[in-house]
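> For reference, TrEMBL lists these features for the protein:
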{"type": "DOMAIN", "residues": "85-214", "note": "domain 'N-acetyltransferase'"}
{"type": "TRANSMEM", "residues": "32-52", "note": "transmembrane segment"}
{"type": "TRANSMEM", "residues": "58-79", "note": "transmembrane segment"}
Amino acid sequence: MVRRYRPSDKDAVLTLFSDGILEHINPSFYNAISNPVNVGVTLFLSVSGYMLGGGSTLWALLLAGAWVGLVYYCCSQLYTSFVRERLRTDMQDIPGCYLSHPDNCFWVAETEVNGRVEILGMVAVVAKKVVGGRDGEMCGELFRMIISSKCRRTGLGSRMTQTVIDFCKERGFSKVVLETSSTQTSAVALYKKVGFSHILSHTKTYSPEWMTLVSRVTILKMEKVI
């Protein structure tokens with residue numbers, strides 16, 4: 001069942017949010033370390049270590065390993081800093097940020113497992129003025145879409161996304177917009193499936209720019225005209 005958020009959901013929602021974001025660290029690392037630029041840096045440092053160490057394999061491994069470790073650290077920081085910031089701000093006051101205005105909303109998906117209710121999904125929307133749009137033109141920005149790993153590929157993601165789209169249609173918004181990361185390939189595929197288009201990319205995150213560069217992550221902005 002998809003329903004509006006209730007204060008009693010807070011602990012389960014915060015756990016789902018943290019787990020859902022942090023699970024992207026490893027895929028992000030695998031994507032980053034296999035990037036041709038990072039592969040080249042790894043090989044360069046390995047050869048440099050071998051030569052500087054007088055033919056020492058240990059030095060080759062140490063320098064290459066240090067770079068691989070740095071790449072993992074950057075990927076980790078990219079997502080942990082996002083979680084840390086969001087838990088400090090809007091996720092600490094979901095009713096105030098998402099339910100205090102009729103054009104905003106926050107939903108959860110719940111089911112009963114062995115007699116116990118579990119929160120398996122979440123999504124939010126915030127009304128915003130369309131930059132450069134007609135006078136009074138509004139759009140809905142989709143936020144905090146998380147689907148538990150327990151129910152992936154069941155259609156719940158599409159259902160939650162459609163809940164946001166229908167909500168925005170009812171309020172007369174002209175479109176729905178969102179941002180996601182380039183490494184969240186399943187999410188990108190889902191959004192494209194329900195009609196979103198990629199309109200621009202950027203690298204602004206809660207981490208220093210050099211970390212975003214090393215992690216090879218791009219933020220994708222997508223929209224669906226309704």
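Backbone N, Cα and C define each Cβ position, glycine as well.
Note that TrEMBL annotation is computational and uncurated.
Let's see these features in context: how buried, what's close, how far.
Within the chain carrying the transmembrane segment (32-52), a Cβ under 8 angstroms from the stretch's Cβ atoms is held by residues 59-64, 66-68, 71-72, 74-75, 214-217, all 6 or more beyond its ends.
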> Let me spell it out: take the transmembrane segment (58-79), skip the flanking residues so only those 6+ beyond its ends count, and list any with a Cβ under 8 Å from a Cβ in it.
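Cβ under 8 Å, 6 or more out: 21-22, 24-25, 28-29, 32-33, 38, 41-43, 45-50, 52, 205-207, 211-212, 214-215, 217.
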> Let me know the model's mean pLDDT on the domain 'N-acetyltransferase' (85-214).
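Taking every residue of the domain 'N-acetyltransferase' (85-214) together, the mean pLDDT is 94.
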